[in-house]
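Have a look at the structure below before the remarks.
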Amino acid sequence: MDTPSAAAETSEPSAQWQAYRGAPTGTDIECEGWRQEAALRMLNNNLDPEVAEDPENLVVYGGTGQAARSWDAYDAILDELRTLADAETLLVQSGKPVGVFETHERAPSVLIANSNLVGNWADWEQFHELEAEGKIMYGQMTAGSWAYIGTQGIIQGTFETLAELARDHYPDNDGLRGKIVATAGLGGMGGAQPLAVTMNHGVCIAAEVDEARIDRRIETGYCMERTDDLGEAIERATAAAEAGDPYSVGVHGNAADVLEGMLDRDFVPDVVTDQTSAHDELAGYYPSGYTVADADELRDEDPDAYREASMDTMARHVAAVLAMQDAGAVAFEYGNNIRGQVAAHRGDVTTTAGESHDPFDFPGFVPAYIRPLFCRGKGPFRWVALSGNPADIHRTDRAVTELFPEKDDLHRWIDLAQEHVQFQGLPSRVCWLGYCAADDDLTERARFAVRINELVDNGEIEAPIVVTRDHLDAGSVASPNRETEAMRDGTDAVADWPILNALLNTAAGADIVSVHNGGGVGIGNSLHTNNHVVLDGSDAAAETARRVFTTDPGMGVIRHADAGYADALVEADASGVTVPMRDAEREQ
């Protein structure tokens, strides 16, 4: 079988991409309007060398998550966007433009479907065969939907998860102060972990097999130091924890080897998790016993042998996490489906202490820490300054804190982000906002979006702002091993909800709507959606914002209300969300 992403690797990078090397900036546009221009800039921002993990191969993050199927497809998308009329919609099928239709001026400019296969065919083997033939692309989540903003995109979610963990497990502590978190994976998503730990005043030891990724996180301020010596890392981390100082160190090494090395030294961290690309055993996860270069060569020459070595390492990795949990560590899976991978391919694991475990004997992060937020429609809301001017984001920082003076956590987050988070590509910001309709009937997200639109209209912001989000959101995902794990009513695998989310946001007039399969957890394991709204200062943009930022978080409320979550039912009552067929059993 050919190597994954072969279609993207067979051609040199596009001359257009080499000319751009990131998104155009400023107030001059090359498209018919700002809605089309926003799509062009967001696509190019995804492939900015400051943003993407491997832009020359169209890979944005997450192993093989691409922004376009091939360089020819990338060029064709740009060509179509430049001539796309306000009343037309471009269709993109797995990173390739396949059609333009006349619709109407408030219809989406772009509709995207990535990586979707019919149920019985939705697995990596079938996907890789089609990918090698150039017929499909892995869009991950925000890679193929042109909404990735670099590591900042996940940083607040990681920060919030760890803050909730600290509240649950160390209620009398100052966050994670004095606690050591052991983790792995410092790619585009996992690279947020060290900074999220130190923002919570803790200490982080992060294993990463690729030295370049550690160095990149240090350069961007997400990780403090690196070492090849695990003993040295443990010594530094222990000293920092005892002093109560935030600290992070990247350890060059395989995740399983590093965790087992900790156990061999009788070192048990307070918290253990990981964000390796375990969702893809062939193109994402690296097996033990190989350098990166040697593993890449094995993948090319003998993919089956690579898979076996990768799965063997994953089983050891999970066994080490469970051994640490048995020894008192707080353990959770951070959404990469490593438990599901090991359960499917290796079954139960045995720890070094001889204990047998089901890989699912430690929880996922959503049921453990995030679901109460989802019940209130709260999730990762992000916005991007198309001007390229950081001052535009700084103005929105002030706006969001002015709008929500009562939200101490939000104010703390904005302060921390301004201090610690470097912009990658177009300046951007992320914060978690929810439904929580106010007296004016606007949700939190809608209130803020309308305010941004006013700032664009009155010239306080130089150029339009794109508002988008992660696919990981309250009502936009079906992922039984992640966002919808352990749903109260057993509807973990029901995929109607993200489909309804995409349909509803299309009806509400979002400027880009996308539907993907497999992001974060691998092909066949999830279905999820994304949307963009372009705030250009117009009355039409304000109306779109009011609609989309009501329907989108509202889907989170009704999805969880339908599953019987009391918090969601309370939110529905408080905010006037209509939930038909409510009965007494639902409110128990």
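Just so you know, the numbers here start at 1 and follow the chain as drawn.
Cβ atoms here come from the backbone N, Cα and C positions, even for glycine.
Per Swiss-Prot, active site is recorded for C431. What Swiss-Prot lists as NAD(+) binding site is 62-63, Q140, 188-190, E208, R213, 254-255, 275-279, Y334, G520, and the listing cites sequence analysis. If you look up Swiss-Prot, you'll see 1-15 marked as compositional bias 'Low complexity'. Per Swiss-Prot, region 'Disordered' is recorded for 1-22.
Note: E208 (NAD(+) binding site) has non-local neighbours A184, G185, L186, G190, I214, G250, V251, H252, G253, i.e. same-chain residues 6+ apart with C-beta under 8 A of its own C-beta. Of the listed binding-site residues, namely G188, S277, the sparsest Cβ surroundings within 10 Å are found at S277. Sequence-distant neighbours of C431 (active site): residues of the same chain at least 6 apart with a C-beta under 8 Å from its C-beta are Q156, P380, F381, R382, V400, L410, W413, I414, A417. Within its own chain, Y334 (NAD(+) binding site) has T158, T161, T183, T273, D274, Q275, F365 as residues 6 or more apart in sequence whose C-beta sits under 8 angstroms from its own. Neighbour density for G62 (NAD(+) binding site): within 10 A of its CB lie 28 other CB atoms from the protein chains shown. For the recorded site, S277 (NAD(+) binding site), the DSSP three-state label reads coil. Cβ contacts within 10 Å of A255 (NAD(+) binding site), excluding its own Cβ and spanning all protein chains shown: 30. DSSP classifies A255 (NAD(+) binding site) as helix under the three-state reduction.
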